[in-house]
Amino acid sequence: MDDNQITLVNLEKGSDNPAFSTQGEERLHEESDDPCGETKEEREREGKGRFSSYWRKAVHPASKAKHFCKAHAKAIRKVILGILCLAYLCYFAAACWLNFQRALALVVMTAVVVFFMCWSLFQKHCGAKVLQLLRPCRKCFQKSWPWLKWLLCVVLLGGLVTWLVLDTSRNPEQLISFAGLCFLVLFLFACSKHHGAVSWRAVFWGLGLEFLLGLFILRTTPGVQAFQWLGDQIQFFLSYTTAGSSFVFGNTLIEEVFAFQTLPIIVFFSCVMSILYYLGVMQWLILKISWVLQVSMGTTPTETLSVAGNIFVGQTESPLLIRPYLADMTNSEIHAVMTGGFSTIAGSVMGAYISFGIDAASLIAASVMAAPCALAMSKLVYPEVEESKFKGKESIRLSCGEERNILEAASNGAAASVGLVANIAANLIAFLAVLEFINAALRWFGEMVDIEGLSFQERAESITTFALCGFANFSSIGIMLGGLTSMVPQRKGDFASIVLRALLTGICVSMLNACLAGLLYVPTEVSDCVTFLSNTNFSSTSYAMYTCCKQLFASSVLGENGTLSFTGPWAGVEESVLCLIQCCGHYNHTACAG
């Protein structure tokens, strides 16, 4: 019993009560032994052993399957991909067999995917061998390049002059836009920070790419049809917003109230862009576009990636693509990043513009054309005089979103658009009121000299679409500085010293886009407005729609008793009233008041 006493000395030394020690527990177990001599602990151990044995037997097949899958993971992946490809091939063949015209979009998308897959396989397995074979030709080309580039410049300049003479002879007003383009380039050169260090390769290639894109989009039949088809598909896709907005606001509000009809589109489009960014689709597309710009213009991968990203995302989201490299970028590269942000619009804003009735094809064209122009003018205004750490790097790792799953990406994208929706609503109230005042003033001045219907929507609509396709305004300075400073706080001083020059460049890039649109855009006259308006969907505006609506307004007559009648080609046409309502939705006229 002496050993089990608890004394003061034992407490001071921190001794435990033996009754609660391991030895005490063992004594209790010994005292509680059953008559058969088997302890409770042994029985529990035996029970657990039996359970473990049963569990091991139960999960043994699953363990073997898991081990087999790990050992043959590559083969299983190939088998699954093969089955999926075979299933898609059967589906693709069936779609083309049933209705090839209906499946044309599927054919185009499949062809693009197959092309890039084949190109990737070719680069992986045959790229090095082909480069080795072409090395003699490359050396010969490099030796001939000093005089060959001047010959190429002379040919291109002669072709441009010849084209201008032939093309503008039918529409002399196009020369106004060409003069504006030349003036803006000279003005930006005069504002250059280092005149002697300008990379004219980047300038001419950038303007050349912009011109070729504009020529393809605005003048060629395939380009017009392709971008018109793309614009129609985007409009059709954005119409799915109705499913969500009608559930939240009801059908009456989304049909009659503009704010509930169009602004939810921004939320939907922002959500979709966030999902595509999370899945890596946007990163892949941006990489392909940036590769073309980088190879042709000789710019660094970091600045090129950011400017290419601005075609799809906003001025604060695009620098996130190159966030790990911002701290080490030169001032010229930072200037290019800022100029790209000021010169383009985000995908969500593009969706909002489309919902307002602006031609989707023109918006997409303006956003794509702005990318090479922004890089070119950025290198004209702020040439590179430092040694870039990223010059010659073939690959730059793109940063991904921080979302953990696709649902979080969708939620974050929708939540991020709330502030944008409020900002757009406030600006619409103000600017539409100002625009209506300008239209009224122009109509009043026009009537003084017998010019009826003079307004801001002449030929200028297409040009204005290109001019306004940017974020170059003073409020964007705070957005740009706030976004970049939060990523790289130590370079706040560099950002502040560059931002005003980048803002000026961004403004001029948008105006250069407008000048190029004015140079290339030739409005087509519609011979039969009745057929045109009866078959159009009125989802977006165009010059042809404006001229036909103007004819319909002139043909409408409001009687003294309030009855509406039509004269000229619209007399007796059943769709006259419906077309008039649709035209009034886009343009203001006295005929709409009745």
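For all residues, glycine too, the Cβ spot is worked out from N, Cα and C.
TrEMBL has this to say about the protein:
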COMPBIAS  37-49  compositional bias 'Basic and acidic residues'
DOMAIN    260-357  domain 'Nucleoside transporter/FeoB GTPase Gate'
REGION    1-49  region 'Disordered'
TRANSMEM  79-100  transmembrane segment
TRANSMEM  106-126  transmembrane segment
TRANSMEM  147-166  transmembrane segment
TRANSMEM  172-190  transmembrane segment
TRANSMEM  202-222  transmembrane segment
TRANSMEM  234-254  transmembrane segment
TRANSMEM  266-286  transmembrane segment
TRANSMEM  334-354  transmembrane segment
TRANSMEM  360-382  transmembrane segment
TRANSMEM  420-442  transmembrane segment
TRANSMEM  462-486  transmembrane segment
TRANSMEM  498-522  transmembrane segment
Selection from 106-126, 172-190, 202-222, 234-254, the stretch that has most Cβ pairs under 8 A to the transmembrane segment (498-522)
172-190
Using Cβ atoms only, state whether the transmembrane segment (360-382) and the transmembrane segment (172-190) have three or more pairs under 8 Å that are 6 or more apart in sequence.
yes
Give the residue counts of the domain 'Nucleoside transporter/FeoB GTPase Gate' (260-357) per reduced DSSP state, in the order helix, strand, coil.
79 helix, 0 strand, 19 coil
Per-residue pLDDT averaged over the domain 'Nucleoside transporter/FeoB GTPase Gate' (260-357), given as an integer:
77
